[in-house]
């Protein structure tokens, strides 16, 4: 039987960023091959650093998919754990080591007997940076294994162990990366009339762009425009010719995201025109669409977990965090949910360390749900 804690700790020590998960893939394949030995109803494919494990059903009417992400983050771990990351500057700070371990545990249970319906276990690379789910879909990595229904989870530090949270609508916001570069004319600080100050224009833009949400977005729907990077100038007595801004747009519907993207671009171009300078606007959403749960399937999942002993189901509001599972759920009906891990540190924090007792709880809960879906 798979040792869940040992498996999680082994994976925790080898975090790798998106599309570079070579050790992670090798470890997963080794475990998967041991679990599936002698199971003639199982097929395995790889796609770059991803893995697809397909269980052929005995009388299949549909294919049920379970997705887990496998990449780490470019973070220096500060947990002090004896099994901390062995990869300098890399950490499983978003719980993907937990996701993988739970998926392996569920796979082990699913292999106890051939399911009626087909089951697909997807170990997806590059959730954090390149929208690996979108890349796999666009590259036809699924082929005829593409699920009819897709499910997945994400751990959540502010929920207690034993709590599962989701809803029947949007769970995660769609996210869009924004890069803006204003191009003016540099000069001496003493002669501003001979220059065209990109820093002033960019500063004006930062204040004006706040009106996009306050005056274009329905307050009930909500959206976020945040610029976390502002780079301009090199010294105190030189007027800079360029100013660079790097930020994010987040919205709970794709229509709202597109509206906000359009307005941000319009404001940037308007400010540039007002200051008689050039501007470059780069908007990159890619596969980070809103995670929109299928209402009927979400209600089914919520009712199932609500009746499980040891599980506290929470009907939760959407989060403004992003998840590339939204892309796959734009192609296939499905559901995502939160799994509580009770950590005082947030996701992406260098000291984030979930409680390991959630592993057994997660495997028991998810595998029982997948068993139900596989038998329908």
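Backbone N, Cα and C atoms are what each Cβ position is placed from, and that goes for glycine too.
The annotation active site is assigned in Swiss-Prot to 69. Less than 8 angstroms from the CB of residue 69 (active site) sit 96, 99, 124, 125, 127, 128, 132, 324, each of them six or more residues away in the same chain.
What Swiss-Prot records for 128 is active site, proton acceptor. DSSP assigns residue 128 (active site, proton acceptor) to coil in the three-state reduction, outside any helix or strand.
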**Report entry** Local Cβ density at residue 128 (active site, proton acceptor) - other Cβ atoms counted within 10 Å
**Finding:** 21
